[in-house]
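Remarks on the structure that follows.
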Amino acid sequence: MNSAILITYDQEDAINEAKGLCDAAGYEVVHIITQNFLQKPKYGISGGVLEQLEEIADKLRPNVIIYDEILKPSQNYNLATVLHREVLDREALILEIFESRASSAESKLQVKLAQLRYEMARAKEKVRLANLGEQPGFMGIGKFEVDVYYNDIKHRMQTIRSKLEKAGKQRELHRQGRKRMGFKTISLAGYTSAGKTTLFNKTTGETRTQSKELFTTLTTTTRRLMIDQEPFLIADTVGFISKLPAYMIDAFKSTLEELIHTDVIVLVIDINDSIAELKKKFSSCMRTLSELGVEQDKVVYALNKSDLLKNEEIQRKVEFLNLSENKKLVSVSAKTGKNITELKGLIKEIIESQSFHKPKTNAWEGVEKTFGN
Ligand SMILES: Nc1nc2c(ncn2[C@@H]2O[C@H](COP(=O)(O)OP(=O)(O)OP(=O)(O)O)[C@@H](O)[C@H]2O)c(=O)[nH]1
Ligand SMILES: [Mg+2]
């Protein structure tokens, strides 16, 4: 296993999530440095902290330095130069995880596109610096080579986009096919590691990989689910994460787009998370769903892992999330099977109500206002 020194925020949930990401990418964290602020101009961290880091890195000799923020290319370059080591920022780390997880042709293309977008942003910065004449030969590349490199990335992105478009059309055909056959569809959505795949397996009798590592699932799988002897289709999806840059959501759009066309969305929430984590993850899920244009009428909230908590504790968290008035809420356990029948009942209610009246476009503003960014 490769080793890493992790630099992250001085908050427990940030530390845990960053450690989870390192773990998922296959890095053993040998030392953690926490800071309140990680966006200083030159190195992200201050000169003093950098000196400390240099000393520790010389002693522990990690394979990489992981920086749990988004670094500008120049900051990355400055850090790597002082530390004589590869520096991975949060985006690069998430991309590594996605790359190792992508198994279907489509998800491989999506990851490739996201990687090129990442490189593109860096190439742009290189061009800018080269033009300013500030750093000629920045990162060992001259201005001319940068232009060639930049155009090459653009070209490769176009090729991948058109392949993804084709895959998207294929998806659309499948969707229409399912619709013609009269199948109603259900999608599981939620923050990474909330328990979507465990719930999927429990309800369908499947054996897809579930694990405590982040981003276990990158490819959407659809299976049949029976509710009162009636067949439905249920899909497991890629998990959300906060601070996922827009271009990554963009790259995974065709997968996430399933969520717009689905009849019911089960938003899986890990109710065992701390209040701070719950807040962050819930608002990130809500924002993603709202950005995708999902109608709120279609959403059922499944408070998962309720086997780990007392009822009063669950109630307290429900109130905190402002969901106590919500009738489409059920605490479940994908592990023990608790309230799975109730969850299926709620799903069926939504589908039945949809055949009477068209779903309203419901405002997400209330939720957004409560949770902001
Ligand atoms: N105690 C308990 N653990 C659960 C429950 N549901 C899931 N887990 C655990 O939570 C972890 C994550 O579960 P997954 O089903 O892989 O989560 P996911 O949402 O599919 O995650 P990604 O695919 O990574 O986005 C696993 O270790 C599961 O065993 C539950 O109801 N109770
Ligand atoms: Mg999963």
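Yeah, the Cβs are placed from backbone N, Cα and C, and that goes for glycine too.
Pulled from TrEMBL:
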type    : residues                                    : note
DOMAIN  : 184-355                                     : domain 'Hflx-type G'
BINDING : 190-197, 215-219, 236-239, 304-307, 333-335 : GTP binding site
BINDING : T197, T217                                  : Mg(2+) binding site
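Projection of TrEMBL feature records onto the structure.
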| residue | record | Cβ neighbours (10 Å) |
| --- | --- | --- |
| G190 | GTP binding site | 26 |
| S193 | GTP binding site | 25 |
| K196 | GTP binding site | 29 |
| T197 | Mg(2+) binding site | 24 |
| V238 | GTP binding site | 21 |
| K305 | GTP binding site | 21 |
| S333 | GTP binding site | 22 |
Distance from T197 (Mg(2+) binding site) back to S333 (GTP binding site), taken between C-alpha atoms, in Å: 12
Binding-site residues near ligand 2 among G190, K196, T197, V238, K305, S333 (Cβ under 6 Å): K196, T197
DSSP-derived structure type at K196 (GTP binding site), helix or strand or else coil: helix
